[in-house]
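Below is one structure; the comments refer to it alone.
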Amino acid sequence: MFNFEFMQNAYLAATVIAILCGIIGVFVIARNMSFLTHTLSEIGFAGASFGVFMSWPPLNGMLLFTTVSSIIVGQLSVKPARRENVISAISALFIGLGILFLSLSNKNASYATNILFGSVIGISRADVWQISLLSIVVLAVIFVIFRYLKFDSFDPVGAQVKGVNKQILSIVFLILLAFSVSVAAQIVGSLLIFILLTIPAAVAKYFARTVGGMMLLAVIIALIGVWLGLYLSYVTNLPVSFFIATIEALFYFGALLTQGSQKSV
Amino acid sequence: MVSEPILQINHLTAGYNDAESPVLKDLNFTINQGDFLSIVGENGVGKTTLMRTILRQLKPLKGNVDYFPSAHAVNIGYVPQFRNIDSEYPLSIRDFVGLNLTGFKLPWLSRSERKRVNDMLVHTGLQDLANRPMGQASGGEKQKAYLAQALVEEPDLLILDESTASLDPVSKNELLNLVEEINQKLQVTVIFVTHDIALAKKYASKFLLLAPGTYVSGNIDELTNDKVWGMMESHV
């Protein structure tokens, strides 16, 4: 399997993406941002279509759209009560734009399917480098702001009392999330991005007691999902996103069952 | 020994929108180092407004709040009434306490920071529960963890904002015994905001009684039920 360069590239990219998603996912879960992550993936689809329309690489269009929209969401929805409505409106707008750009660019339906569901064979060595570079940037920023981000994500009341600048922190995190969504879309596609960004961290939340522990566990669960998913996809010739989604969902239901049986003891 | 002031409030008028209908008007009082001051009053008299002003989250409309020796030198620890900690909250009590150690530093705590967290867990009697998830801690244990988190930054002034409101009588006394010990042993000045006059009289050394448009302050033995009712009734 590793004789093929496209499989080497897919495994390298998937490994980087799993590490990134496992780590950032812990903050997505703690900050209750699963819904926004889902929306950013739809915005990513619109961005990719725009990229195609402009004859850019789809990743560049995605980065542009997800970053701009996350800044808008951050500015408009400081109050949590308003957040879901703002996100819904922005989501609707961007899906509309995605369909428009795709239809204007005269690409066929299979191209749209690739954007939505991801593609393993489409990843070149240059893509691997770009994905790695973006991931390193995101992880480096998290490393620098880690203690503030951790406090604000896991104890917003305490962080506010301490005087942590929540608005700046929130916008920085949204931009990091936008980058992560765009990067992760390369493997699982924009429609299923939230699988890697939310499920591994949601499972880890049930078993780990420290933020570091949650990150480690989430990365392991994400890695098992992408490695096994790529292998099964190679063997069966079925879509990789199907396998990754199924594996991660099984992890989640397994975790719920374990928790349920622990509580009933 | 004459106590030095840590906080002085001079002619403070504070509120939210404009100076025409402020929540607090022309308030004057001083808190000395090592004081255990209780701020009592009904809902809506401005206890939270006063706390937000002291915490520098709200600018005074008139007058000023002076910190000694300087605003930067006074480190304030605050224990708010509400926190969003549900039963699935994953962090251990130890990790939760350590959250307050911020700064652009390495993600993991240094050896001396870990020692500070441990010391505070010992001070608050949580050392045996340190690895229990916060989500599974009792109300009293959670309040102790909030207290430990505020103390881990070694504050000069500790503010407890209605921290005992949701606790049963035993846990209330347990928490305040702890605060009293911290006040005396670590020389931390305490502001305890509460509705509960009896609790204030049991633990505090001074009081500030707020009522709509007016206030009275003094040593705790001057806080009598007659005084409280008198102030309340004159504004009904």
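Yeah, the Cβs are placed from backbone N, Cα and C, and that goes for glycine too.
In TrEMBL, annotation is done automatically, which means it is predicted and not curated.
As recorded in TrEMBL, the features of this protein are as follows:
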TRANSMEM  A:12-30  transmembrane segment
TRANSMEM  A:86-104  transmembrane segment
TRANSMEM  A:128-148  transmembrane segment
TRANSMEM  A:168-185  transmembrane segment
TRANSMEM  A:215-234  transmembrane segment
TRANSMEM  A:240-258  transmembrane segment
Spatial neighbours of the transmembrane segment (A:215-234) far in sequence, C-beta under 8 Å, 6+ residues away: 1, 7, 10-11, 14-15, 17-19, 21-23, 25-26, 120, 187, 195-196, 199-201, 203-204, 207-208, 240-244, 247-248, 251
Range from A:12-30, A:86-104, A:128-148, A:240-258 with the greatest count of C-beta pairs under 8 A to the transmembrane segment (A:168-185): A:128-148
Interface-richest range of A:12-30, A:86-104, A:240-258 toward the transmembrane segment (A:128-148), CB pairs under 8 Å: A:12-30
Within-chain partners of the transmembrane segment (A:240-258) [C-beta distance under 8 Å, separation at least 6 from its ends]: 10, 117-118, 120, 187-189, 191-192, 195-196, 199-200, 202-203, 206-207, 221-222, 224-226, 228-230, 232-233
